[in-house]
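S.K.: Once you've had a glance at the structure underneath, I'll fire off some questions.
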Amino acid sequence: MNSTDGPGAGRYAPSPTGELHLGNLRTAVLAWLFARSSGRAFLLRIEDLDTGRVRPGLAERQVADLAALGIGFDGVPVVQSERTAAHEAALDALAGRTYECFCTRREIADAASAPHDEPLGYRRYPGTCRDLTEGERQTRRATRAPALRLRASAGAETTTTIHDLLHGEVTGVVDDIVLRRNDGVAAYNLAVVVDDLASGIDQVVRGDDLLASAVNQAHLTTLLGGRPPTYAHVPLAVNTAGRRLAKRDGAVTLADLAAVGVEPPQVLTRIAASLDLAGPGEIVTLEDLLPRFDPARLPREPWVIG
Ligand code: GLU
């Protein structure tokens, strides 16, 4: 459970599905700065539950790339695929608040009635399977293994407010999120919450594409008896067309950059300069950046990689 006295921990939680690019690396630098500047430990979690996309050896490469920038971690890394028992225990604790869902992604996308959760622009589950009868569920089970969803509200919509160091107070309607996928594996939202709680994480720094998830995760944290962390959802890196940076956008990983003669210290300079923490060309270490780091002065716009 979260500690209520004294600093807890921050974390970086990459998915080993692709090499880290400049945007990922900048988020990791920021997560480290937020944690260290607030006296927190800094932990690593490998989010390897998306088995179809996980690539062998990639987690090690990601850790090596982070180390090349000077980012080290406290304690032993948590590997999500080794946490099945904890994920299942949380599902047991939530029994009575869940229901089986037989929808395919396509069916959900096609459901015209899906409500939009302003201001987060997040499409919520339309509730198709929320009130199936036991007979209907039995029939469906014969053709498709169910996922398990949270029954977020009984009647009126449940809203939650999170505190974000960049976005302020953010309020949203809690969704009937998937807790266990239909292949039996813990869903992303459940695993994040259970593993953050178990590690005493009280500060979550990550890309602002996950801001909408934070409302659901904070609610789930409370249901599991924890205190929601402080969040900082930081701007993503984008390409010149304004789309989220991807490997195809050129020399964006440490390996690509090394191949064109740009070494890790220069990459750290580029990241630090993008955050107004170093001058162009100034060679710095992460420790040098600590006294310069002020969350209130962080850029709020996406980082455009040209
Ligand atoms: N594994 C997620 C990602 O790589 C991050 C999840 C999180 O920080 O909560 O985007």
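Any Cβ shown, glycine's included, is placed from N, Cα and C.
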S.K.: Between 94-98, 119-123, 244-248, 294-298, which stretch does TrEMBL give the note motif ''KMSKS' region'?
M.R.: 244-248
S.K.: Record says R11, Y12, A13, P14, S15, E47, R206 bind L-glutamate. Source is TrEMBL. Which of Y99, Y188 does it list for that same site?
M.R.: Y188
S.K.: Once C101, C103, Y125, C129 are set aside, which residues in the chain still have Cβ within 8 Å of the Cβ centroid of the Zn(2+) site?
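M.R.: Counting only non-site residues, the set is F102, I108, P126, G127, T128, R130, A147, R149, D176.
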S.K.: Please go through the binding-site residues R11, S15, C129 one by one and keep those whose C-beta falls under 6 A from any atom of ligand 1; give the result in sequence order.
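M.R.: Near ligand 1, sequence order: S15.
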S.K.: Determine, to the nearest whole angstrom, how far the Cα atom of A13 (L-glutamate binding site) is from the Cα atom of Y125 (Zn(2+) binding site).
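M.R.: If we compare the Cα positions of A13 (L-glutamate binding site) and Y125 (Zn(2+) binding site), the gap is 26 Å.
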S.K.: Check the DSSP secondary structure of K247 (ATP binding site), expressed as helix, strand or coil.
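M.R.: DSSP call for K247 (ATP binding site): helix.
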